[in-house]
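Just below is one structure, and these are the notes that go with it.
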């Protein structure tokens, strides 16, 4: 990071440490609740902590990418530096995690698209937190092309237009928001892109004298108000994070020695902490004695994650510097070939989910036809079960259908995540149908790797991915029901009704 003053880097490192700690505190509280049934810490360190940490990371990244682009680096060198900053330590951490999972017989399935951090999904993410990295990777590619065409002078205008486009999308086209797993085309319009786009404007704001003593005060005010005004939260949270970054990098004279400053060291190790904290927390909660105090367990998980970050972070920084020296010394022709191969591979892999959707279309079409037959019988007064039996389908207790989570977006789109499995392993294909009361909504094909589920039933070599993440636009009223129907290729089925307490229903 030569070219930045020591004090600016020091303050930026503190912000990185705060961002990583925020995400870690949220995940420790979340898993304490989900795995041990104690919500006391989640009431304090809830989802807003995780969201703040992610937004702050993206805002920092936006500022850094704008500052690097201003130096007019060789485009391939810029992209090569970004890639080696992410991939080596990520693959090392994921490899260690997969090895431990294998030893613990938890299932260790390699998902190439996940390990490649390819946008889209959902994928089976080994570390549970990788969903932000495809966003970051996409931002790097966007800035790479800006440098490639020598459009750095236009970067502020492009960033402002980008932030405006995201804002307009949030207001006028919320259906464009695809949550944590958008495909490449939707990432630039995702809410998560707002802090990065605004962060690109920080160098210009500093040059124009738009950052001063008022900035951190307003930033804290916006952040404190963000949860009290849900419709405005994307702007209050993300702009507040960008203003914190602008405050941190405002030129001042105080310089600290990183070698004696734990805060700066943790800033260096923040990416390692981000990568390793979730598996460490999960394993500690999984193997700690049942009777252990929740508070003791929570603090132990924080301590374990921090210790893991020290070890992994030291490896990360040493490895990055070693690889970076060799990348800098490499002939430009080699860098050009390598980065071109990466971009071609990225484009090919981004298109792969679309190919899968095309291949699934016949199966989905057949499932939709069956769903409409069931709907016709249900409209005639039969229950979904009786209608399914009349199609005819055959109910089979060897089929399992389970829902992990139900969430909603602002436009009433319901996302259901879970798993579906034939415990006898006879099915080669499965499809899911969604019914609202007696109305058929849509059909889906499970496509998410869930090695934990396969391992639990001794089906590690199953060719049918059991996990699913399906979305449907549903407006429920009290006493409505949402039913999931799992149908196999040999016409067997099972069904579950989503818990009524999990449905977001309108009052009569």
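Positions of Cβ are set from backbone N, Cα and C atoms, glycine also.
According to TrEMBL, the domain 'Acyltransferase 3' annotation covers 10-312.
Counting residues 6+ beyond its ends, the transmembrane segment (12-29) has Cβ neighbours under 8 Å at 4, 41-42, 44-47, 49-50, 52-54, 56-57, 60, 63-64, 129, 244-245, 248-249, 258, 263-264, 266-268, 270-271, 273-274, 277-278, 281, 298, 301-302, 305, 309 in the same chain. Here TrEMBL flags 12-29 (among others) as transmembrane segment.
What TrEMBL lists as transmembrane segment is 41-66 (among others). A Cβ distance under 8 Å defines the sequence-distant neighbours of the transmembrane segment (41-66), meaning residues of its chain 6+ beyond its ends; these are 1, 12, 15-16, 18-23, 25-30, 32-33, 132, 135-136, 139-140, 143, 155, 159, 192-193, 195-204, 223, 226-227, 237-238, 241-242, 244-246, 249, 274, 294-295, 298.
According to TrEMBL, the transmembrane segment annotation covers 87-104 (among others).
According to TrEMBL, the feature transmembrane segment maps to 124-148 (among others). Residues of the same chain lying 6 or more positions beyond the ends of the transmembrane segment (124-148) and with a Cβ under 8 Å from any Cβ of it are 23, 27, 54, 57-58, 61-62, 65, 68-69, 72-73, 75, 78-79, 82-83, 86, 90, 93-94, 97-98, 101, 109, 111, 114-115, 117-118, 154-155, 158, 180-181, 184, 187-188, 190, 192-193, 196, 274-279, 282, 339, 343, 346, 448-451, 467.
Here TrEMBL flags 155-175 (among others) as transmembrane segment.
According to TrEMBL, the transmembrane segment annotation covers 209-226 (among others).
Among the features that TrEMBL reports, transmembrane segment is placed at 232-250 (among others).
The feature transmembrane segment is assigned by TrEMBL to 271-290 (among others).
Annotation comment: TrEMBL describes 296-320 (among others) as transmembrane segment. Non-local neighbours of the transmembrane segment (296-320) in the same chain are 20, 24-25, 28-29, 31-32, 36, 41, 84-85, 88-89, 92-93, 265-266, 268-273, 275-277, 280-281, 284-285, 288; each lies 6+ residues outside the stretch with a CB under 8 Å from one of its CB atoms.
The transmembrane segment annotation in TrEMBL covers 332-352 (among others). A Cβ distance under 8 Å defines the sequence-distant neighbours of the transmembrane segment (332-352), meaning residues of its chain 6+ beyond its ends; these are 74-77, 79-80, 83, 112-113, 116, 118-120, 137, 141, 144, 183-184.
At the 8 Å Cβ threshold, with sequence separation of at least 6, the transmembrane segment (271-290) lacks contact with the transmembrane segment (155-175), having fewer than 3 such pairs.
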